[in-house]
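I have placed the structure first, in the form of structure tokens, so that the comments after it can refer back to it.
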């Protein structure tokens, strides 16, 4: 009887250790994300290209690294910005600026698009404000790595499968 109690306590300790390991992995990933956010001064320091509007410069699925510590916006710079009232960030190139108004950039355009983005802006919005609308400037990229996120968005059941596999791996792992 004493040996079965000892075995139960050992199993409970192992289970708790596995759950804590899984929590450690998740919290480490979260801390790394927040650390990148602080260093880059961007709410989203890494984004995935979701459309072909920036081809041939960036393809759908490319992973972009952003930096948002610049105060000026230059023509030709590739920016990621949010349109007020919409939740998906847009990756486009600056084709015109307002030098007379500090911090304001206007007329982004996808390299593969015929027209600029002014039709995408919120009603009565003629420009993008650097402080409010810009998520960051593209400083680097890794081709096709972000395609995993696109697949997870397009096929929600894959998220469940991946989380289940990650949880299973943590639970199976013995130290």
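For all residues, glycine too, the Cβ spot is worked out from N, Cα and C.
Annotated features in Swiss-Prot:
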{"type": "ACT_SITE", "residues": "53", "note": "active site, charge relay system"}
{"type": "ACT_SITE", "residues": "92", "note": "active site, charge relay system"}
{"type": "ACT_SITE", "residues": "117", "note": "active site, charge relay system"}
{"type": "REGION", "residues": "161-172", "note": "region 'C-terminal short (CTS) helix'"}
{"type": "TOPO_DOM", "residues": "1-14", "note": "topological domain 'Cytoplasmic'"}
{"type": "TOPO_DOM", "residues": "32-175", "note": "topological domain 'Lumenal'"}
{"type": "TRANSMEM", "residues": "15-31", "note": "transmembrane segment"}
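Positions of the features from Swiss-Prot, shown on the structure.
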residue	record	Cβ neighbours (10 Å)
53	active site, charge relay system	19
92	active site, charge relay system	20
117	active site, charge relay system	20
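In terms of DSSP secondary structure, the topological domain 'Lumenal' (32-175) contains 36 helix, 37 strand, 71 coil.
Remote same-chain residues near the transmembrane segment (15-31) are listed as 166-167, 170-171, 173, 175 (criterion: CB distance under 8 Å, separation of at least six residues from the stretch ends). Summarised as a single figure, the pLDDT of the topological domain 'Cytoplasmic' (1-14) averages 70.
For the region 'C-terminal short (CTS) helix' (161-172), the list of distant contacts is 18-19, 21-22, 25, 152: same-chain residues at least six beyond its ends, Cβ to Cβ under 8 Å. Here residue 117 (active site, charge relay system) is positioned 11 angstrom away from residue 53 (active site, charge relay system), judged by their C-alpha atoms.
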